[in-house]
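Each remark here refers to the structure printed beneath this line.
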């Protein structure tokens, strides 16, 4: 049931990229975190703290701001039009930079400090994720046009975007699993969300020019909404980490009295005893009082 729900969610996410700009769709992924937190509170009895509720509210408020000021989707008539966007010099420079950074991270940094620095694995996932979002949008738009009667499957560009999607998604899955196996989920999730969303928006702005025609105030409002969503996401995950650490400490009994210091005699003398002593503390106190 869970796997089927995940598949439905990913399909819906794929369809969303075909009808809306990535600047709008990508940040709204934070809403899934809210739904997960609320369902865990009611179904799994995972307590949602006040700071967690505040994080959910911040995500909702930021999402509303983004939706209100989101740019309109530019009409696209063919996959060849998307190809011309993908081959413009600015986006080619972005793709080349991403490719070089990924190779450097995979070949040089991952073997040396991948298991000690969370930014290595999450950086690879985020960089590849930004390219996968652009390819998913291109592929989704091609399929949408095909279903509308304008067959785009006859163009090699459509199949190229499909290959890029498969390559990027597989790479993301490999290194995201490595990050989750190595580091705490409460650390990986917010860092990955922040980096992935930021790079995806940057790639979309470069390739599809989502902010062209928008006023400076509208763009600033979108950025502010995005920052609010990021802050709420980080706050929500930090409260989850706090709850895990609290429950971890709660599983252990209090420190034994043998490790503490007690007042044993009426004259205020403090008697210290070590953990390895066998004599009970009450007997030590009684013996001490008999001597006096």
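In case you wondered, yes, glycine gets a Cβ from its N, Cα and C as well.
All TrEMBL annotations are machine predictions without curation.
Summarising the annotation, TrEMBL assigns transmembrane segment to 14-44 (among others).
Annotation comment: TrEMBL describes 51-71 (among others) as transmembrane segment. Here the transmembrane segment (51-71) has long-range neighbours at 20-21, 23-24, 27-28, 30-31, 33-34, 37-38, 210-211, 213-214, 218, 221-222, 224-240, meaning same-chain residues at least 6 beyond its ends whose C-beta is under 8 angstroms from one of its own.
The annotation transmembrane segment is assigned in TrEMBL to 91-111 (among others).
Residues annotated as transmembrane segment in TrEMBL: 118-139 (among others).
Feature annotation from TrEMBL assigns transmembrane segment to 159-176 (among others). Sequence-distant contacts of the transmembrane segment (159-176) (same chain, at least 6 residues past either end, Cβ-Cβ under 8 Å): 79, 82, 102, 121-122, 124-125, 128-129, 131-132, 135-136, 138-139, 142, 153, 188, 192.
What TrEMBL lists as transmembrane segment is 183-207 (among others).
Residues or ranges marked as transmembrane segment in TrEMBL: 219-239 (among others).
If you look at the transmembrane segment (219-239), the same-chain residues 6 or more away from its ends with a CB under 8 A from one of its CBs are 23, 27, 30, 33-34, 37, 48-49, 51-52, 54-66, 68-70, 186, 189-190, 193-194, 197, 201, 211. Within the same chain, residues 21-23, 26-27, 29-30, 33, 85-86, 88, 90-91, 94, 118-119, 122-123, 125-127, 129-131, 133-134, 137, 176, 226, 230, 233-234, 237-238, 240-241, 244 sit at least 6 positions outside the transmembrane segment (183-207) and bring their C-beta atoms closer than 8 Å to a C-beta of that stretch.
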